[in-house]
Amino acid sequence: MQISSVNDVKIYNLSHGKSLPEWLSDRKKRQLQKKDVDIQRRIELIQDFEMPTVCTSIKVSRDGQFILAAGTYKPRIRCYDTYQLSLKFERCLDSDVVAFDVLSDDYSKLVFLHADRYVEFHSQHGHYYKTRVPKFGRDFSYHYPSCDLYFVGASSEVYRLNLEQGRFLNSLQTDAVENNVCDINPVHHLFATGTSEGRVECWDPRVRNRVGLLDCALSSLSLPSISALKFNGSLNVAVGTSTGQVLLYDLRSSQPLLVKDHFYNLPINSLNFHDQLDLVVSSDSKIIKIWSKDTGKLFSSIQPQVNINDVCMYPNSGMLFTANEDPKMNTFYIPALGPAPRWCSFLDNLTEELEESPESTVYDDYKFVTRKDLDNLGLSHLVGSSLLKAYMHGFFMDIRLYHKVKSMANPFAYEEYRKDKIRQKIEESRTQRVQVKKLPKVNKELALKLMEQGDDEAELTSRTKKGKALPSILGDDRFKVMFENPDYQVDEQSDEFRLLNPIVSKVGQKRKKKLRLLAQQDVADDEEEPEGRASSEEESSDDDKSWVEEVREQRRLLRQEDRDRRRQERKEADRNTVLQPQFYQIKAGEEFRSFNDMARKQKLQKASLEDRLKMEEYSGVSNVADTAVGSKQLTFTLKKSEQQRKQQQAERDHHEERKKLRRSAGHLSSRRGRGWGGRGRGRHQGVFAL
């Protein structure tokens with residue numbers, strides 16, 4: 001809680017103090033409450049009385065039990081129950097809320113005007129109905145006797161929506177281009193709208209005719225638009241302008257009774273009346289001013305640290321709430337305006353105790369000095385007088401007296417100033433000396449390389465005088481961990497570094513060569529290039545692809561090391577392998593020849609394609625020959641299995657056996673060419689003879 005005093009009016013900021021994060025555990029919160037004094041003094045009047053990002057508007061229900069606030073992001077409405085001092089419910093909406101109102105005594109009937117022209121109705125259970133107005137709305141008012149909603153916005157028309165019939169009625173046609181705000185008198189229900197041209201138009205809802213026109217721009221210092229409008233009683237109305245003035249009018253006169261300027265040149269965003277003390281509470285985005293509506297004399301003021309969007313006063317009390325450009329919604333309690341509400345009546349006892357306890361206030365126009373300071377200034381004789389006020393281990397004295405005595409007691413202030421300037425010059429000259437380069441513990445080679453590059457660029461900049469040198473990585477805090485944490489150590493033996501190093505080194509060489517050529521060019525700008533000497537592009541043309549050969553060589557070395565490592569691993573594995581007897585299963589139809597044949601087959605299966613081709617070429621199974629096409633031709637001679645050889649041998653034996661058993665019938669046809677009859681008979685005879 002923060003206590004401030006303006007015009008001897010105590011203002012208690014109940015929302016001041018540190019807010020604990022929600023993700024902290026209960027144990028951490030208790031520890032912070034024990035250690036932090038600001039958290040101990042914090043008063044959380046209503047639990048979770050805040051928005052995720054920004055609160056745009058805030059209102060209190062007519063029965064005083066519920067506080068409703070609209071905010072973002074995401075667009076939402078929150079309802080707080082004052083009897084429970086906690087959040088009752090929260091509803092998220094589709095778009096930002098421009099204005100909202102409570103139609104019932106509690107929270108059961110709500111109307112929201114959205115930024116996308118939608119008008120949304122909520123009942124006690126939640127969303128009820130949604131409709132849309134033709135133009136973008138800025139404000140609306142509810143006419144209770146006829147159940148009409150009047151919407152004003154970026155149009156000259158005032159749209160009327162009848163909630164009893166559920167349809168739009170004929171609009172009110174105004175003379176303005178746009179209407180910003182509107183309000184309805186609670187006594188005789190006169191409807192008034194504030195225009196962007198600085199006029200206030202009054203309409204009678206019973207006959208739907210304009211009954212009055214008030215030009216507020218004539219009474220203001222400039223040509224403002226109306227940004228706030230509020231009725232008080234049956235005859236008084238307060239008008240807030242976009243230039244920071246508040247004008248009080250009597251409806252029977254076109255001249256303002258009083259003009260109050262905020263002196264901030266900011267639009268007035270909220271107007272409220274305090275009927276008990278005849279005060280006006282007006283606010284812009286910077287300050288809340290409370291002043292008398294009769295004389296305009298300032299009663300008190302509140303200036304929060306964040307911008308203000310809306311101000312709501314709790315009825316018949318000295319408490320007010322503010323919607324800010326901040327997640328936290330402020331709660332101010334001013335005992336001079338009235339007592340605390342019934343649901344937080346303990347605030348009266350708390351403020352009375354704070355007023356009874358004496359508190360020392362430190363003012364800006366006083367200086368705190370000790371006895372040693374008084375001795376140095378020669379003011380020890382003032383101890384006990386009214387010029388010094390004893391406080392703790394020292395005294396308070398007027399700041400004007402302190403400066404006057406100090407200037408008289410120290411006439412050699414110029415000498416001290418001169419010594420300070422000489423000391424600064426000496427420190428600047430020391431920076432131009434040779435600095436000892438201290439290499440970091442991590443990445444020393446990289447740091448040395450960066451230092452050399454920085455020296456080359458600084459030398460070139462000093463010669464050419466054509467720009468500023470780029471900041472070094474060593475002096476940048478973003479890369480500080482790279483030279484402190486051992487995890488960032490560059491491994492020069494890794495494969496990635498060896499493949500990338502030729503490219504990086506070539507880029508570094510090109511940079512150095514470019515710096516050297518630029519320096520030479522700056523020294524001799526007017527000299528022509530000698531004949532027979534190659535240009536920088538021709539000199540570097542042979543070196544452009546030299547790094548390619550280096551990268552290929554590094555890849556070849558990496559492959560060779562990989563093969564050697566695998567071979568060594570195999571040897572180690574063979575050396576550590578314990579010989580175990582191996583059993584082989586002979587399949588059906590196969591003959592066992594030797595263990596060497598089985599081992600050779602298994603070795604051939606595990607070998608790569610290249611090794612198998614070499615073995616087959618050596619044994620004569622395959623034939624590799626060059627062709628005119630330029631590729632390799634492989635000719636394979638497949639070996640037959642033992643079972644196939646046995647089957648072919650059995651077929652050959654069967655054919656030989658059949659040849660031996662067959663008898664020729666050629667001797668039965670002794671004559672040739674006699675026709676088919678004789679042959680047929682002979683053939684049949686031969687078969688019959690068999």
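Including glycine, each Cβ sits where the backbone N, Cα and C put it.
Values in this document were obtained by computation on a predicted structure and should not be read as measured data.
Positions annotated as compositional bias 'Basic and acidic residues' by TrEMBL: 543-575 (among others).
Taken from TrEMBL, the feature compositional bias 'Basic and acidic residues' applies to 639-659 (among others).
The compositional bias 'Basic residues' annotation in TrEMBL covers 660-684.
Per TrEMBL, the feature domain 'Nucleolar protein 10-like N-terminal' maps to 1-357.
Helix, strand and coil residue tallies for the domain 'Nucleolar protein 10-like second' (362-410), in that order: 21 helix, 12 strand, 16 coil [DSSP]. Summarising the annotation, TrEMBL assigns domain 'Nucleolar protein 10-like second' to 362-410.
If you look up TrEMBL, you'll see 476-502 marked as domain 'NUC153'. Note on the domain 'NUC153' (476-502): its mean pLDDT in the predicted model is 76.
Residues annotated as region 'Disordered' in TrEMBL: 518-583 (among others).
The annotation region 'Disordered' is assigned in TrEMBL to 636-690 (among others).
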With DSSP as the yardstick, break the domain 'NUC153' (476-502) down into helix, strand and coil residue counts.
17 helix, 0 strand, 10 coil
DSSP tally for the compositional bias 'Basic and acidic residues' (543-575), helix/strand/coil in that order, comes to 30 helix, 0 strand, 3 coil
